[in-house]
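Notes to accompany the following structure.
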Amino acid sequence: MKPQFRNTVERMYRGTFFYSFNNRPILSRRNTVWLCYEVKTRGPSMPTWGTKIFRGQVYSKAKYHPEMRFLRWFSKWRQLHHDQEYKVTWYVSWSPCTRCANSVATFLAKDPKVTLTIFVARLYYFWKPDYQQALRILCQKRGGPHATMKIMNYNEFQDCWNKFVDGRGKPFKPRNNLPKHYTLLQATLGELLRHLMDPGTFTSNFNNKPWVSGQHETYLCYKVERLHNDTWVPLNQHRGFLRNQAPNIHGFPKGRHAELCFLDLIPFWKLDGQQYRVTCFTSWSPCFSCAQEMAKFISNNEHVSLCIFAARIYDDQGRYQEGLRTLHRDGAKIAMMNYSEFEYCWDTFVDRQGRPFQPWDGLDEHSQALSERLRAILQNQGN
């Protein structure tokens, strides 16, 4: 027997979905929180046990928030079915507030047979330290039960539309800025949760062997520092990594390079007029177009200095050399990564599990050769 549902609706109107699940990072007057959930019993076939929608108000008491309503309802059901394992998926218009995040973390710690994946359209008060800490506790992976939180991309919006919206047979049509907003929110969530890169991903993509092939992705690790009393002070809240967005039909039709995604992110930090230093560690040096855009950025933001350390030189047989020279001329520091930069990235951005950085054969030789090649490019030698 399934429990009785309260404070739920079966389907959402199309207009309500587009209004409430708009993924623009900063929005006002979105006071209703929608939580669409799917519960499956864990097993070989993973049958769906229930799909419903809870809703609540942002500024009401926490007990009326949809996350708390779900926990009360589901806890009653678990008392009668405590031996069953469940996989729970949420699609929420706002990520949980501090009290809800703490309550969900407590629930998961007490019931390890329940796994929870949370897809969020927007981040709620992500700039507040107490909120950041609550989400880190909820999603921490220190051997205990935890939630997995992700930003909704096109596929999740489409799934939510198909399962929970009264679409009247019409397909989901994304907003034009959905992929750009997704990139911003994904990077922000990575900063907030302090995501780390898989070791294999790092060694594969940052390997500086000159004969590397098949590496079509670009990874960009970044850190930000502020000048205070003649000392550069790290801003650890703005530290993370991202990668290029591959071309696809429903997101970026032409793709978007990692450098452009990074430039999209910087205004989101709302840096003031103090002096800042942004350092990027990239698996490939910028292409001509990205170099031009980065040059424009530092020209328009004189209080921000830019340092770029690249593992390899991106050679598209086009105007990449001109782009690098323009970027260098406009004030950016450009250099090839050497052992120190590789080790720093490994220690800072990689989920290394306590393992020290192990250089590959020829790292120093490749770095030296690439540095000589970059020097010749920047000095316009042989061109």
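Here the Cβ of each residue, glycine as well, is placed from N, Cα and C on the backbone.
Feature list (source: Swiss-Prot):
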type	residues	note
DOMAIN	29-138	domain 'CMP/dCMP-type deaminase 1'
MOD_RES	Thr32	phosphothreonine
BINDING	His65, Cys97, Cys100	Zn(2+) 1 binding site
REGION	209-335	region 'Necessary for homooligomerization'
DOMAIN	214-327	domain 'CMP/dCMP-type deaminase 2'
MOD_RES	Thr218	phosphothreonine
BINDING	His257, Cys287, Cys290	Zn(2+) 2 binding site
ACT_SITE	Glu259	active site, proton donor
REGION	312-319	region 'Interaction with DNA'
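Taking the C-alpha positions, the distance from Cys100 (Zn(2+) 1 binding site) to the residue listed as 'active site, proton donor' comes to 35 Å. Cα spacing between His65 (Zn(2+) 1 binding site) and Thr32 (phosphothreonine): 9 Å, rounded to the nearest whole number. Within 10 Å of His257 (Zn(2+) 2 binding site), judged by CA to CA distance, lie the following recorded positions from the set Thr32, Cys97, Thr218: Thr218. Taking Thr218 (phosphothreonine) as the reference point, the recorded positions whose C-alpha atoms are within 10 Å of its C-alpha, out of Thr32, Cys97, Glu259, Cys287, are Glu259.
Here the Cα atom of Cys287 (Zn(2+) 2 binding site) is found 9 Å from that of Glu259 (active site, proton donor). Long-range neighbours of Thr32 (phosphothreonine) (same chain, six or more residues apart, CB within less than 8 Å of its CB): Ser20, Arg55, Gly56, Gln57, Val58, Ser93. You'll find the Cα of Glu259 (active site, proton donor) roughly 6 Å from the Cα of Cys290 (Zn(2+) 2 binding site). The secondary structure of Cys97 (Zn(2+) 1 binding site), as reduced to three states from DSSP, is coil rather than helix or strand.
Long-range Cβ neighbours of Cys97 (Zn(2+) 1 binding site) (same chain, at least 6 residues apart, Cβ-Cβ under 8 Å): Val58, Ala62, His65, Tyr124, Tyr125, Tyr131. In the structure as shown, the Cβ atom of Cys287 (Zn(2+) 2 binding site) sits within 10 Å of 20 other Cβ atoms.
Most Cβ neighbours within 10 Å, among the binding-site residues His65, His257: His65 holds that distinction in the structure as shown. When secondary structure is read from DSSP and collapsed to three states, His65 (Zn(2+) 1 binding site) falls in the coil class. Note on Thr218 (phosphothreonine): other Cβ atoms within 10 Å of its Cβ, all shown chains, come to 24. Within the model, the region 'Interaction with DNA' (312-319) shows a mean pLDDT value of 86, rounded to a whole number.
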